[in-house]
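Please see the structure below; I have some questions.
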Amino acid sequence: APAMPAAGARCAGLRRRLPVLRWLPRYSLAWLQLDLMAGLTVGLTVVPQALAYAEVAGLPLQYGLYSSFMGCFVYCFLGTAKDVTLGPTAIMSLLVSSYAFHEPVYAILLTFLSGCIQLAMGLLHLGFLLDFISCPVIKGFTSAASITISFNQVKNILGLQGIPRQFFLQVYETLRRIGETRAGDAVLGLACLAVLAGLRAMKSRLPRAACMESLVARLSYLIVWTSATARNALVVLFAGLVAYSFQVMGSQPLTLTGSIPQGLPAFQLPRFSMAVPNGTIPFRSMVEDMGVGLAVVPLMGLLETVAIAKAFASQNDYRIDPNQELLALGFANVLGSFVSSYPITGSFGRTAVNAQSGVCTPAGGLVTGALVLLSLAYLTSLFYYIPKAALAAVIISAVVPMFDAGIFRTLWRVKRLDLVPLCVTFLLCFWEVQYGIVAGVLVSGILLLYSIARPPIKVSEGDVLLVQLGSSLHFPAMECLRDAVCSHALAASPPRSVVLDCCHISSIDYTVVVGLAELRQELRKHGLSLAFCSLQDPVLKVLLSADLEGFQHFPSREEAERCGGAEAGGGGTAPFTSTSESLLLPT
């Protein structure tokens with residue numbers, strides 16, 4: 001009999017680590033039909049986006065496709081959210097362009113190392129580290145990335161060559177050379193942008209299919225919805241046909257993508273050194289070159305994936321495990337590095353398409369991955385005719401919604417201090433992405449530590465001083481509490497004893513205990529006492545263990561006020577009544 005619970009626990013643990021076992025036994029034909037439809041729809045979206053995002057990463061275009069299938073396969077077995085799709089994204093591509101120096105060898109090694117770091121974080125349950133990246137920092141980064149990535153594609157819309165990648169130089173050179181714009185690229189690029197914007201707006205205004213009764217209305221809805229959902233593929237296909245027509249006629253006014261190697265990537269270990277004309281760059285030097293990217297890339301990858309998974313899990317009423325998402329993402333990146341992938345993460349746009357297509361399980365990712373493999377095996381020769389202006393339009397259409405102009409107004413109304421990390425991150429990301437993220441996290445951390453070190457302190461003056469902290473008590477706040485108590489207790493006429501209301505204090509450390517003992521000694525020098533009320537059990541146990549001399553504790557604030565009043569009255573009968581003056585000390 002004891003073996004049965006143990007076996008059940010092992011099965012539960014296996015299902016937790018291998019989420020595919022939760023839904024596979026219940027898989028049905030109805031689910032298969034919906035997963036097939038969703039997988040095909042996402043596949044039509046991911047192929048043109050993958051080509052475009054490789055351009056953002058500064059890598060040959062085939063690396064976008066190499067990065068688009070392994071995540072789909074791995075997440076099917078290890079992911080906890082049915083809607084999430086892993087693959088290249090605009091944000092991750094921008095980070096790769098900063099830390100891989102446009103070298104595929106660096107990008108693939110970054111993928112491997114990022115995956116190893118994410119696996120280690122998942123095994124050590126370090127997903128909580130994401131909680132220290134505040135929303136203003138994320139919004140500042142994504143808004144700056146939206147502008148940076150969009151402007152990076154303006155050169156392709158205009159058909160300009162030799163534009164530097166650094167943002168400020170890019171702006172200067174683009175404006176200086178705007179007279180060299182190629183008319184064909186500009187017209188096609190702007191037309192593609194207009195079509196993509198129109199299809200996006202059309203989709204957002206579609207009524208629900210359930211509201212339609214006639215067959216014609218439902219069929220019209222299906223055609224419009226499919227066209228709007230697969231708009232990237234349709235626009236790229238249309239632009240490719242236009243370019244091919246010009247090629248056949250013997251004139252080519254468009255800048256084309258060019259040849260892309262056909263076939264699947266080799267399955268091999270990533271290279272841990274790189275040959276250069278004057279020698280070899282060893283592994284240690286490559287790691288040093290990547291620098292802070294080895295922290296930023298894994299964290300931002302996890303942040304995107306978990307944020308997307310949580311958003312869609314809350315909409316569809318299921319739970320996700322951040323540490324399991326870490327393991328899934330880590331395995332996807334490690335295995336992806338064996339097929340020449342650059343770092344991947346969850347894609348919000350493709351996840352939204354997946355959810356709207358009615359996906360039932362992560363098995364939809366198998367269809368998406370298979371479609372990418374088929375494209376690599378048989379369709380790369382057709383990609384030659386895709387105009388760069390069309391891919392640039394796809395990228396700009398995808399990243400413009402990431403810019404959240406309303407966040408500035410919202411933070412101004414809610415908490416203006418949060419504008420500081422937002423603006424620091426936003427502005428510095430135009431200089432270097434890593435500086436913006438690190439600076440934003442540091443500023444957020446400083447603001448958090450300041451609020452811990454300077455908690456609101458309420459002092460009620462009566463026969464004794466009743467001091468109440470508005471938040472928990474940590475050692476950085478001890479000096480602030482000490483100064484507040486002493487200044488009020490000794491400045492009163494006559495000086496008064498102090499009762500510390502600890503109802504908001506759930507734990508204390510050794511430094512706080514020492515500080516309280518010193519505060520009590522300082523008050524005793526002036527003939528005053530320090531007592532405590534409303535102590536929670538963990539705090540009471542710590543103070544009793546510290547064996548403070550003359551320790552006094554009252555179970556409730558009311559009892560402390562009565563006893564304090566009796567002591568002040570001298571006869572033991574006068575009840576203590578709280579005085580009218582109450583102030584909140586500035587912090």
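Numbering starts at 1 and runs along the chain as displayed.
Positions of Cβ are set from backbone N, Cα and C atoms, glycine also.
What TrEMBL lists as transmembrane segment is 29-51, 63-84, 105-130, 222-246, 292-313, 325-344, 364-384, 391-412, 424-450. What TrEMBL records for 463-548 is domain 'STAS'. The region 'Disordered' annotation in TrEMBL covers 562-587. TrEMBL lists 575-587 with the feature compositional bias 'Polar residues'.
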I'm a bit unsure how to read this: which one of 29-51, 63-84, 391-412 has the highest number of Cβ pairs shorter than 8 Å with the transmembrane segment (292-313)?
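Of the candidates 29-51, 63-84, 391-412, 63-84 scores highest.
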Report, as numbers and ranges, every residue of the chain located at least six residues beyond the transmembrane segment (29-51) whose Cβ falls under 8 Å of a Cβ in that stretch; write 'none' if there are none.
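Residues 61, 64-65, 67-68, 85, 87-88, 226, 229-230, 232-233, 235-236, 257, 347, 349-350, 353-354, 357-361, 363-368, 370-372, 375, 383, 386, 391, 394-395, 398.
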For the domain 'STAS' (463-548), what's the model's average pLDDT?
88
Sort out the residues at least 6 away from either end of the transmembrane segment (424-450), same chain, that have Cβ-Cβ distances under 8 Å to it, and list them.
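Same-chain contacts beyond the flanks: 94-95, 98-99, 132-134, 136-137, 140-141, 143-145, 147-148, 167-168, 291-293, 296, 300, 417, 476.
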Compare 63-84, 222-246, 325-344, 391-412 by their Cβ pairs under 8 Å to the transmembrane segment (105-130) and return the stretch that comes out on top.
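Most contacts with the transmembrane segment (105-130): 325-344.
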Which one of these stretches, 63-84, 325-344, 391-412, has the most C-beta pairs shorter than 8 Å to the transmembrane segment (222-246)?
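Top-ranked stretch among 63-84, 325-344, 391-412: 391-412.
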Quick check on the domain 'STAS' (463-548): DSSP residue counts for helix, strand, coil, in that order please.
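DSSP classes over the domain 'STAS' (463-548) add up to 43 helix, 13 strand, 30 coil.
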Cβ under 8 Å, sequence separation of at least 6 from the ends of the transmembrane segment (325-344): give me the contacting residues as numbers and ranges.
17, 54, 57, 59, 63, 66-71, 74-75, 78-81, 86-89, 92-93, 95-96, 100, 104, 107-112, 114-123, 126-127, 264-270, 297, 301-302, 305-306, 309
Which residues, given as numbers and ranges, are at least 6 beyond the ends of the transmembrane segment (63-84) yet have a Cβ under 8 Å from it?
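Sequence-remote neighbours of the transmembrane segment (63-84) are 18-20, 23, 46-47, 49-55, 57, 104, 107, 265, 305, 308-309, 312-313, 316, 318-321, 324-325, 327-328, 331-332, 335-336, 339-344, 346, 351, 354-355, 359-366, 368-370, 372-373, 375-376, 380.
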